[in-house]
Structure formats: C-alpha cells, structure tokens
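Annotated features in TrEMBL:
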- 439-471: compositional bias 'Basic and acidic residues' (COMPBIAS)
- 1-205: domain 'CNNM transmembrane' (DOMAIN)
- 224-283: domain 'CBS' (DOMAIN)
- 288-345: domain 'CBS' (DOMAIN)
- 433-471: region 'Disordered' (REGION)
- 6-29: transmembrane segment (TRANSMEM)
- 60-79: transmembrane segment (TRANSMEM)
- 99-124: transmembrane segment (TRANSMEM)
- 136-161: transmembrane segment (TRANSMEM)
Amino acid sequence: MENLAAQILLQVVFILLNAFFAGSEIAFLSLSQIKLSKQAEDGNKTAAALLKVVENPNTFLSGIQVAITLSGFLSAAFGTENFSGYLDSFLLDTLKLPLPPTVVGVISTIVITIIISFFSIAFGEMVPKRIAMQKPMFFAVPALRVLKVVSVIFAPMFVLLDLCTNGTLRLLGMKVEAEEDAASEEDLRMMVESSGEQGTIDQDEQEWIENVFDFNDMTASAAMTPEPEVTAFPLDEDSKTIMETIRETGLSRYPVYEEDINDICGILNARDFLLNLQDPNPRPLKELLRPAYFVPESVHADQLFKDMQAQKQHLAIVVDEYGGTAGVITIEDLLEEIVGDIFDEFDPAEPQDLTVMGDGVWRVAGSMRVEEFAEELDFDLPEDRDYDTVAGLILSCLPSIPEDGATPSVEVCGLHFDVQTVEDRKILWAMVRKVTPPKPEEDPEKKQEEKPRRRKSEERHEGDEGKSASL
C-alpha cells in the first residue's frame, strides 16, 4: 500500500506540474501589454520583467511547451507502468476474467490511460487555464523565476526547436517574425460592443465611444443648423427687433448679412449688443460685428473642432460648393454629436424629434436626420437619396411642395407618413407608422384552372355514389 500511495503522489505531482505550466502559458497570453507598460513606467520591476516576456514570447513559449510536453509524457508513462499491474491482478485474480493475460494487459493499459487523461485534462489543463484567464498574475509572477531555470537547462533544445520552427515557416513562405497589426476601428467597435454587453462599461459610455468613431467620419453639413433654421439679421435691422429676437431665442451669436443670407458680413455677439444699448452714444450695428469664420460643408467634424479650438471660434458659417450659406455650426453642436444634447436652465424645452405615440405609431420632426430616423425605426434608406432630413424623405415622394396647412400622406420605405404641420412651405411634423405588407393574392389563372378540377372531382364523386346506389 505504501508503494501505491507513493505512485499516486508521484502522479499528482506530474499533474500539478502540468497545471502550473499550462496556467502560466494562458497567464502570459492574457496579460495586458498596455497595463504592464504603464506599471513599468511607474517603476514596477516585476511588470518590467513580465513586459519583456510578453514582447518577446518565442523563448517563453518554447520553454512552456517543453515543460508541458515532458510533464504530460512522464505522467502517462509512469501512470501506465505503475498502475496497470494492479489492474491486471484485479481483473485476473479477483474478477477471474476468462481472458488471456495479454488481452487483459491491453485492457488495463487503455483503462489506466483514460483515467489519467481525464484527471490530467480536468486538473492539469482546464482548471488552471480558467484560473489564469481570471487572475493571470497568480501564475505569471512565479512562472518568471521557473522559466529562467528552465531556459538555462533546456537552452540547447530551445535552439534546435527555433531552428526547426523557423525553417518550416520559411519553407511555407511565411515570415519568421509575425508583424503585430494595430487594432482597426472595426476591432475597437467590436470590443466596445462586447464590453457593453458584459456590463464592463455602461450604456452612456458605450454610446459616447461609438459617437467618437462616427464623429471622425462626419462632415460639417451633417452637424450644422441648416440655413432655413438659422436666425440672422440684415445689416439695417432696427435695435428693437434685434432685442426681441435675442430675448426669444436666447442665442449668444447671430450672423448678420447685407443683401441676403448668402452675403454674411459678420457675427453679432448678443453681449456686445446689450452693452452697446447701455452706452449713452451707441455705435451702429456694423461697428459691433466681429469677423465671420467660414468653413466648407465638406470639412470633417474632428478637424473642424480642432480648428475652431485653435482659432477660438465659437460659431462658423458653413458654405456650400457655390459659395452660398448652407448653415451655421457651433462648438456646442460638435460636442453634442459626441455626448448628446446639452441644455442649461435657460434653454427652452424642445419637443423630441421622435416620440412614440402608440403601438407602432410615432410623431417625427421634419428636421430629424434621416439616418437617425432609419436607425431608430430599423429600415433601409435608398442608396441614391439626395436628402438629409425626414422632411426631404417625404418631399421626395410628393409631386410638389405642400402649402401651409396642407396634410398630404405618402408611403415610402415601408412607412406611411401623415403630414401634420406645414409652415412657410416646410414640413415640421408628421405621424408615421409601419405599413403591414399585404398577403400575396392568388393568381386568377390558377383559380380558373382549379374550378374545372373541382367540377371533375365532384362529378366523379357523384358517379361513384350512383354506382354504389345501383349496387
């Protein structure tokens, strides 16, 4: 029995060795190179040593594989040799199986191999690897010292393994040193989505990160306030009207134009105007204007944000390809593309662009971006569209621009729109619902073909009844 206990203990040692090296392999692969770099910069010597291993994994992988292979091989070899004799005796002497000793020996070897493999896989592979994935430092730190010893003992074998591996890769036409690709935007998006699903980051953080990616691809035309919605003053506007507009809108800056909105000559700061009213000798409006900052509508939002920060501009005039005013954009507009709408206590309450009115019915603003609208209602937009808002989507299906007070209805993209409000020939609000696709109607030709068939079957049925009656 003492001999059996020693053999079992030896088997446990081999499984524990396999577990240690298997866990160490996963631990090093699970370590974050970014975190280790930060800790190494802060003076953490252990992190610096681990970082060297993570950055150059070839040697450590060779050492780990040699150790795992040896421990697994020794476990199987010693286990089969030590325990098969006990099983042979049990099968032949105790159970008295009517089989030749050679056959019993084969059965014992197979059974012992299966049992040892089970414990080796469960406790020598799966359990330590699961632990290493959750707590990589638990294995990585002690493995550092062991790897140094292993690398010295098996150094000649490592050289031969590297030569064999590199030679095989060259024969296959592959690079010996794999180039580490930087994570693409799609990879980062998938990581963010996965982190959101797992609860690592909350929904707001996930939305902000995704908005940052979209922000880089967005142009000024997508974030601006379009020209029809811009509040601007003619250069000869009287002070009373300007004062009333400032009070109603609460904006801080207003474009000022000479002949029309396409001829902007400057920007009026509400603070400058109000201070000028208090002056005993107020200056004319033209002297209060600050230079306008013009940008093309094709400029990307991220570049525009940097430029406006660098030039300390809070409002920019967006110009189309013909030199006309396409709209205006502010720093706040750009920030809202990332963090969402920003309100203060003085902002008037504004209705939401899209409001659920009932089961499958929504109220939508004509000014809502059609991409956001399509995303919310989950439908596909035409690829050849030339509009940016829901109002443009509706107008693309109308023969003419509706007059004030008109309430036209259209169906497009599987949606039914009932226009509610039209002011100044602009669609402000509409009710929308999804259209239920009609059931496919049967082909009338098939119906006509079925009628003669039914008549024939009925005639046959009547004939059969007559025959049975005569019988």
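Count begins at 1; order follows the chain as displayed.
Cβ from N, Cα, C; glycine included.
Any TrEMBL annotation is an automated prediction that lacks curation.
Here the domain 'CBS' (224-283) is broken down by DSSP into helix, strand and coil counts: 23 helix, 15 strand, 22 coil. In the predicted model, the domain 'CBS' (224-283) has a mean pLDDT of 92. Within the same chain, residues 50, 53-54, 57, 60-61, 64-65, 67-68, 71-72, 74-75, 78-79, 82-83, 116, 119-120, 123-125, 127-129, 131-133, 136-140, 143, 146-147 sit at least 6 positions outside the transmembrane segment (6-29) and bring their C-beta atoms closer than 8 Å to a C-beta of that stretch. Residues of the same chain lying 6 or more positions beyond the ends of the transmembrane segment (99-124) and with a Cβ under 8 Å from any Cβ of it are 11, 15-16, 18-19, 22, 71-72, 75-76, 79-80, 83-84, 87-88, 91-92.
In terms of DSSP secondary structure, the domain 'CBS' (288-345) contains 20 helix, 16 strand, 22 coil.
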